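J.: The annotation transmembrane segment is assigned in Swiss-Prot to 19-39, 53-73, 92-112, 117-137, 178-198, 206-226, 236-256.
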Amino acid sequence: MLLGSVPQLDRVAIHLGPFPVYWYGIIIGTGVLLGLWLATREGERLGIPKDTFVDLVLFAVPIAIICARAYYVAFEWEYYMQNPIQIINTRQGGLAIHGGLIGAVMTGIIYAKVKRISFWKLADIAAPSILLGQAIGRWGNFMNQEAHGGEVTRQFLEGLHLPDFIVNQMYIDGVYYHPTFLYESLWSFAGVILLLLLRKANLRRGELFFTYLIWYSIGRFFVEELRTDSLMLGPLRIAQVMSIGLIVISIIFIIVRRKTGQADKRYLEK
């Protein structure tokens, strides 16, 4: 597709008859499948039945999507109150990661209780998978030309030594923008590597998951400052508030669980 004189990628991957299939959905689905593969592989190594994470994904993904959408809609209610039919339209994006995370965690807690499996064990195994899904999922935002930062020049983007397809896709309505999707994606990919390395450190159970929350939240806090489409509550950027909250809560949980003996078991214990 061409916009002005700048070639750009089409957000529609293919058409199945009259129905368009968007890259956004394909990319999100790819992230889920790769994350599932990673979690299932590690789960088997630690004695978790192979179908455990398959079952969990079947419950958690739909609930996470619903919660991600509900979270987004709640903070954009003034618009959706006037356009209620758009509430169910997610083809253009509009899924908030923090909302999805809340839904996934709630589902995981309930699932772990029903199956009588340690939630913290499941959460630790799933942590790199969740972050991998987020890293891949940001490229869905790239295809939709959303979740970008403020205005920049083409020279600025070329100075980052980005490939032309990224530079061109950041040209929206006659203006170039910060590729904040890329900053967050790279930060998340680095976090996946960190979490995979920390598996070998045999941390106390639950601490790998808290490390994920802390790592992602640090990156998200700074990236959010560049974005132009932040969900707001008065003068506050909701994602930054959530990021600070998750960092503080994670640190408190680590300290309290260690002091109270709730974190005696280690990651590699079966």
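The backbone N, Cα and C atoms fix where each Cβ goes, and this holds for glycine too.
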J.: Under 8 angstroms, Cβ to Cβ: which one of 19-39, 206-226, 236-256 has the largest number of such pairs with the transmembrane segment (117-137)?
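T.: Stretch with the highest Cβ contact count: 19-39.
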J.: What residues in the same chain, six or more past the boundaries of the transmembrane segment (206-226), come closer than 8 Å to it by Cβ-Cβ distance?
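T.: Residues packing against the transmembrane segment (206-226) from afar: 97, 120, 123-124, 126-128, 130-131, 134, 149-150, 178, 180, 183-184, 187-188, 191, 194-195, 198-199, 237, 239-240, 242-244, 246-247, 249-251, 253-254, 257, 263, 267.
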J.: What residues elsewhere in the chain lie close to the transmembrane segment (19-39), defined as a C-beta under 8 angstroms and at least 6 residues from its ends?
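T.: Residues 9-13, 53-54, 57, 61, 91-93, 125-126, 128-130, 132-137, 139-141, 143-144.
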